[in-house]
Amino acid sequence: MSGHNVWTHKGTFLLAAVGSAVGLGNLWRFPYLTGENGGGAFILVYALTIFAVGIPILIAETMLGRTSRQSPIMGMRHLTKTHKTSRAWESIGWLGAASAFLILSFYSVIAGWALHYTWLMLTGSLVGADAQTISAGFDALLASPGLMTLYHTLFIAFSALIVAMGIHKGIESGLRIMMPALFVILIVVLIYGIINGDVRAAARFLFTFNIADLSLEGWLHAMGQSFFTLSLGMGAIMAYGAYMSSEASLTRTAIAVAFVDTAVAMVAGLAIFSLVFGAGLETGQGPGLMFVTLPLAFADMPFGALVGGVFFILVLGAAVSSSISLIEPVAAFLVERFDMTRPQAVTIMVIAAWAMGLLTVVSFNVWAEGTIFHALFGRSAFEFIELLTNIFMPLGGLLIALFAGWALTQSEVMKELGTNITWFKTWRILVRFVGPAAVSFVFLRTIPQVEGYVIPTLGAVLIVGAFALGQRLRKSAA
Ligand code: PHE
């Protein structure tokens, strides 16, 4: 492939990967999961997984992108050919694209809520409001499909615009403005939290490790969260890796991404829980932590409306920089495979994800119960989509680890890693055994707890998929 796109600078991949990694996962999901699962112990498991499983798989996924220099689907096709391995490994690309698509669909809806709250904060609508008013306001938002669709549309259209402008003019330039601004805002919110909140209580909550506080559920959530927050197994990192400079170090970059991502989650946690404890509120509020508890804390604090507004701008920016990495793998595939222009490809991907997102929108109101999803899977469409991605993501990560660990040759990996034999061997043990074992553990514990027809459905899909693949293999062999 001559003249394949490469990021402008050696370090741009780091910027892009951090942009992808830092998102709603850090600012919204991490704090509420930590709050629900007993604080420090949860964080300990989360950090261990990031370190022992996340970083090695992050290296593997970037490596697959960089060696193939194509979008995840085409890239995996290329790699299975050049390595004469089973075409079944192509499923890594498809699984990644499917997860990216599904995640984008609901990610955009939730980011839309942040848009609503930015507006409420900056207009001062919540100043002095009490708990009832604020939680009624959140319920009213969820009850309105129209409003949610509006915000969802605005958010996804804006992300699409950036990706459509190309990796240099759109993604790179966008990130170069957004990311530094986000770090400044995060620090401002932290300082505000320290001054107006109770940072000691927050630190005690986050950093007291009491393993007895952690349920099995908590373990699973911690591991799932470490995949989600690093954007692993979704094709996003592979797609960005395809543009990575050959000179940049895979290991150092991966460690830097994991470090910044974890640091952002910790700082966000400190800031948010300082405010929550300072206002004497509950930590275990679940997904409403950011949209109900936090606005309530801001409501009674000096300059709360302004800082609250700035905080939700932070959330929005972080969400945009992640959602563009969800659009990229599918859009790049459409460009490569069907020779579309980038704007065409982005439009198709985003319209489809937008329509899919409507399922999430109605899951909170008109389809909140009694739908076919409830009958078959015991949950709403949104919860079902989320469950699917929670299965696909680690599954993708598992396959990536296995492929990179077993199918790539030593010389190839050594060349990509550009390191000594000791680190190579350590990395290979991690992706060959430790990562797959950790992911399998999560699966084996989660799967039996899933109700309804989820398992049979997934089983049927897998069987049909395997069959279709077998047919293709036979044809291509003939
Ligand atoms: N890592 C992002 C977050 O923490 C979510 C994401 C997942 C983005 C997968 C891209 C791909 O919010």
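Placement of Cβ uses the backbone N, Cα and C atoms for every residue, glycine included.
What TrEMBL annotates here:
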TRANSMEM  12-30  transmembrane segment
TRANSMEM  42-64  transmembrane segment
TRANSMEM  92-115  transmembrane segment
TRANSMEM  149-167  transmembrane segment
TRANSMEM  179-199  transmembrane segment
TRANSMEM  219-243  transmembrane segment
TRANSMEM  255-281  transmembrane segment
TRANSMEM  301-334  transmembrane segment
TRANSMEM  346-367  transmembrane segment
TRANSMEM  387-408  transmembrane segment
TRANSMEM  429-447  transmembrane segment
TRANSMEM  453-470  transmembrane segment
Leading contact stretch, 42-64, 219-243, 255-281, 301-334, 429-447 vs the transmembrane segment (346-367) - CB distance under 8 Å: 301-334
Chain residues in Cβ proximity to the transmembrane segment (179-199) (below 8 Å; excluding those fewer than six residues from its ends, i.e. six or more beyond): 15, 18-19, 22, 264, 267-268, 270-279, 297, 301-303, 307, 310-311, 313-314, 317-318, 321
Cβ contacts under 8 Å made by the transmembrane segment (387-408) with residues that lie 6+ beyond its boundaries: 53, 56-57, 60-61, 63-64, 67, 79, 83, 85, 89, 91-92, 95-96, 98-99, 102-103, 223-224, 227-228, 232-235, 238, 377, 379, 428, 431-432, 435-436, 439-440, 442-443, 446, 450, 454, 458
In contact by Cβ distance (the transmembrane segment (42-64), the transmembrane segment (255-281); 3 or more pairs under 8 Å): yes
Positions whose Cβ lies under 8 angstroms from the transmembrane segment (301-334), at least six residues beyond its ends: 16, 19-28, 70-74, 93, 96-97, 100-101, 103-104, 107-108, 110-111, 114-115, 117-118, 121-122, 124, 126-127, 155-156, 158-160, 162-163, 167, 170-171, 174-175, 178-179, 181-182, 185-186, 188-189, 192, 196, 231, 234-240, 242, 275, 278-279, 290, 294-295, 340, 342, 344-346, 348-350, 353
In contact by Cβ distance (the transmembrane segment (453-470), the transmembrane segment (92-115); 3 or more pairs under 8 Å): no
The transmembrane segment (12-30) versus listed stretches 42-64, 149-167, 453-470: most Cβ pairs under 8 Å: 42-64
For the transmembrane segment (149-167), sequence-distant contacts whose Cβ falls under 8 Å of one of its Cβ atoms, 6 or more beyond its ends: 5, 7, 104, 108-109, 111-113, 115-116, 174, 243, 316, 319-320, 323-324, 327-328, 331, 342-343, 346-347, 350, 353-354, 357-358, 361
